Ligand code: AMP
Ligand code: ZN
């Protein structure tokens with residue numbers, strides 16, 4: 001018996017492809033002997049065997065006369081569970097096939113007397129539904145046909161597992177390609193060597209080419225965008241060669257010459273007989289100088305960045321479709337929030353009147369800058385004091401005209417090991433105890449405490465305040481541990497600094513405790529937040545060298561190197577405080593709390609100390625205004641503190657704002673205290689300028705030169721630039737009329753001095769009446 005498999009689409013002369021079935025193998029090895037595999041095309045199909053699992057159900061036998069051979073197939077179908085029809089004439093065969101769409105057709109081709117098998121084959125092939133049908137022919141040979149049911153059965157099974165499955169696979173492929181054709185993402189398939197095999201209509205729309213212009217072309221033949229760097233192409237190739245998927249942003253050039261930015265995913269598809277690369281091209285942006293969709297008054301030199309998707313074209317009337325694609329873009333979770341915002345604005349621009357679109361252009365320009373929270377100094381701010389304060393407190397470093405010298409300005413904690421013998425709380429000398437009685441008042445005089453404690457106000461005030469807030473109870477630690485901890489921390493403040501010493505820490509702790517007593521603050525925070533805030537205030541400037549971050553960066557100090565010129569001091573204060581705390585069990589206030597509590601507390605402390613870094617000043621203030629003040633002023637009588645408690649992010653914003661305000665509350669203290677603080681900070685700045693000059697370092701804040709500085713001017717600038725807005729916002733939340741009154745008085749004081757051209761802290765005695 002011989003069986004022929006018909007592949008009409010294969011390039012054989014007759015359209016028949018004959019595959020021998022060897023009799024001898026039938027009994028012993030029938031499953032493996034289905035086809036003679038020396039015909040290369042059949043080998044191609046073998047690879048798909050395992051993939052298609054759908055079982056065939058229908059067979060059509062076209063035999064003019066019933067005989068052993070047709071019976072053999074009939075009973076083989078029966079054994080295999082296939083439904084079988086027999087047709088006796090070409091007409092009934094075609095009719096039956098059109099009705100049932102059998103997967104296998106077996107045509108009797110042994111005798112041309114009854115019908116022409118090739119004719120039948122052609123007429124069946126001419127129907128659309130035969131595209132995936134396997135047609136076999138039984139042809140005569142010098143030996144007898146094989147009518148054994150087993151032989152017929154085996155043949156059918158072989159066909160099912162071979163040709164029929166490959167036809168299923170082809171059918172599935174068609175479905176896949178139909179899906180690709182309808183997909184809104186642009187898809188391109190290239191061979192391993194970058195010859196384009198397929199592009200979908202979305203791709204044609206996106207790139208402006210017809211597929212006929214692309215298929216068969218090598219990618220290198222197409223005009224490339226010069227925006228991709230060589231590194232990117234190397235990276236892509238490395239990924240692909242390893243069989244890994246690559247995703248990222250890639251620039252391509254459209255037929256019209258525009259460069260477009262695409263989010264591309266390239267997936268290698270490794271299969272038999274070669275590999276393919278699938279390029280999925282997601283949303284994209286067009287960079288065009290030549291035309292834009294809408295904006296007429298764009299500045300010539302600005303690049304017009306429009307987001308479009310593969311659904312869009314330059315044709316009019318596609319805005320709604322573009323919008324739906326934009327919606328897809330917005331839902332992409334891998335996008336950074338700022339990208340989403342920009343995309344939303346882009347989409348809103350599409351349907352907006354030109355004035356709105358232009359206003360949104362302005363918004364986009366602002367959003368694309370990285371410094372969203374730092375006000376840009378305009379003409380009104382060209383005051384040298386403001387400039388210097390901003391430069392000195394908010395920028396990392398200044399490039400020196402001279403070579404920067406590397407110095408180590410830090411005197412690590414080695415000089416502070418001598419601790420005074422701990423007192424018990426009842427041992428507190430009466431003069432100290434008496435002073436501390438007034439500790440809850442905003443007008444509490446920290447300098448008096450500094451004097452009576454011999455410059456150790458932090459331990460005493462700390463013990464009193466920590467007791468008031470139940471810190472020992474929360475931490476489950478003894479008063480002795482707490483005292484030892486306060487002593488270690490205080491000892492690591494530099495008493496030689498005129499401003500950043502432990503009196504400043506005590507002052508910030510005092511202000512923090514005062515704020516925590518305010519009803520709305522108390523209502524918004526949990527006990528853990530209170531404890532974290534008090535600890536953060538205590539440690540927030542520990543081991544401060546009396547120099548600014550800019551100075552340390554310019555000087556290439558050890559700390560600046562350690563913290564990569566980023567939040568150098570604040571990182572150091574936090575890290576050192578935790579080292580000092582945990583290295584000795586005697587002062588480890590955290591030793592008795594469980595790991596989870598410790599982690600939460602530690603996180604809150606770190607966050608607060610880092611929030612005191614001035615480069616983030618406007619970010620913290622603006623976030624507070626947007627998330628706390630604004631919703632509060634909009635939601636009339638709602639119980640806002642209960643609302644805040646449910647939102648840890650808002651609690652974080654409040655804690656940051658609280659420590660920031662406590663840290664620079666000195667302009668809101670009673671006049672005499674405010675003046676003292678202004679004198680101290682000025683002295684510290686002067687000392688820095690002196691050292692910068694001595695060492696040939698860049699002078700970070702030239703106005704703070706002891707020979708020329710106007711302290712009133714510097715205070716006016718500091719209040720105008722950093723203090724007023726922040727305390728307005730904090731007062732609107734925490735209700736602090738006393739502070740705001742002091743601030744107004746103090747500001748007036750500095751203004752008066754300035755108007756009288758006085759550069760010092762106070763008027764000379766003769767003007768003082
Ligand atoms: P901190 O170093 O944590 O105390 O951060 C507060 C910043 O504000 C520091 O850089 C101080 O130098 C600065 N600062 C505080 N009070 C004043 C003031 N009255 N005048 C000028 N700068 C001040
Ligand atoms: Zn501070």
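Backbone N, Cα and C define each Cβ position, glycine as well.
Features as listed in TrEMBL:
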- 179-222: domain 'PAS' (DOMAIN)
- 500: active site, proton donor (ACT_SITE)
- 500, 501, 502, 503, 504, 541, 663, 715: AMP binding site (BINDING)
- 541: Zn(2+) 2 binding site (BINDING)
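In the three-state DSSP scheme, residue 503 (AMP binding site) is classed as helix. Note on the recorded positions 500, 504: the fewest other CB atoms within 10 A surround the CB of 500.
Taking DSSP states H, G and I as helix and E and B as strand, the domain 'PAS' (179-222) has 18 helix, 12 strand, 14 coil. For residue 663 (AMP binding site), the number of other Cβ atoms no farther than 10 Å from its own Cβ, over all displayed protein chains, is 22.
The binding-site residues examined here are 501, 502, 503, 715; by Cβ neighbour count within 10 Å, the least packed of them is 501.
The number of other CB atoms found within 10 A of the CB of residue 541 (AMP binding site), across every protein chain shown, is 25. Under the DSSP three-state reduction, residue 541 (AMP binding site) is assigned to coil, being neither helix nor strand. Among the binding-site residues listed (501, 502, 503), none has a CB atom closer than 6 Å to any atom of ligand 1. Looking at residue 500 (active site, proton donor) and residue 663 (AMP binding site), their Cα atoms lie 11 Å from each other.
Listed binding-site residues: 501, 502, 503, 715. Those with a CB atom under 6 Å from ligand 2: none.
Across the domain 'PAS' (179-222), the model assigns an average pLDDT of 83. Among the residues the record lists as binding AMP, namely 500, 501, 502, 503, 504, 541, 663, 715, the two farthest apart have Cα atoms separated by 22 Å.
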